[in-house]
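Record features (TrEMBL):
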- PRO100: substrate binding site (BINDING)
- THR131, ASP183, ASP191: Ca(2+) binding site (BINDING)
- CYS137-CYS169: disulfide bond (DISULFID)
- 1-25: signal peptide (SIGNAL)
Amino acid sequence: MEHNSFKLPFAHLLCLLLLCPLVSCQLNYKFYDYTCPNLTKIVRYGVWSAITNDSRMAASLLRLHFHDCFVNIGGPFWFLPLGRRDGLTTSESDANEQLPGFSEPLENITAKFTSKGLDLKDVAVLSGAHTIGFAQCFTFKSRLFDFGSSGKPDPLLDTSLLTSLQSTCPNQDDSDTKLAPLDSASSSKFDNLYYKLLLNNSGLLQSDQALMGDNTTASLVLNYSKFPYLFFKDFGASMVKMANIGVLTGQNGEIRKNCRLVN
């Protein structure tokens, strides 16, 4: 299959994600120039090392950015000023309630996005982050064997992909944590093939393929499948827009010593 892709080292993409987004006059491109002038080099090296050891880390860091902005607050390239602070609380219940689920209908996902100031276009373009990374079998196994309690596979799922996934994720409990690529065509490359797969009914998650069930998002899928640079441009814009959610600067929040825990 021939395709267009814009190759950018994940280290460059993800260090931008880690270094915090455009949100207010209190954020600054030179925020750390005096206190930590080598910050970008340190982050770039750390991210590059992590991805060298495990390529899945690229997708994990993208997801971390999404979770942090949505709850508490690769191709594309955008400039990000610095200075965002961490929250003082963490809430598993908030995450479960506010983050979109892998089998939710598009209407529910869109409602969660709009509650944060995002829109249907953001749903379509940010779903494109699934061009990299993997999902555990339990997140899509119902599509393979018992879709909608029918006792049959999801009729929309491409038959060749179905066969492959049934082999990877057999219908037994001990396969739940096995992994399958979200983008079976290029799981380690940030490109627009995710959208081409949706056109072929080869989206892995139910929430992915749901984009083809709405006229607006289906049109966006078609455009992004044809024009990779349009996807990259819109993805960057939506990431910055998402980063406007719940910003803490100045004396609000804290700078965590351990990202997983409140100080």
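Note: Cβ is positioned from N, Cα and C throughout, glycine not excepted.
The structure, with features from TrEMBL marked on it.
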| residue | record | Cβ neighbours (10 Å) |
| --- | --- | --- |
| PRO100 | substrate binding site | 19 |
| THR131 | Ca(2+) binding site | 28 |
| CYS137 | disulfide bond | 20 |
| CYS169 | disulfide bond | 24 |
| ASP183 | Ca(2+) binding site | 27 |
| ASP191 | Ca(2+) binding site | 23 |
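The binding-site residues PRO100, THR131, ASP183, ASP191 include none with a CA atom within 10 A of the CA of CYS169 (disulfide bond). In this structure the C-alpha atoms belonging to ASP183 (Ca(2+) binding site) and the residue listed as 'substrate binding site' are separated by 19 Å.
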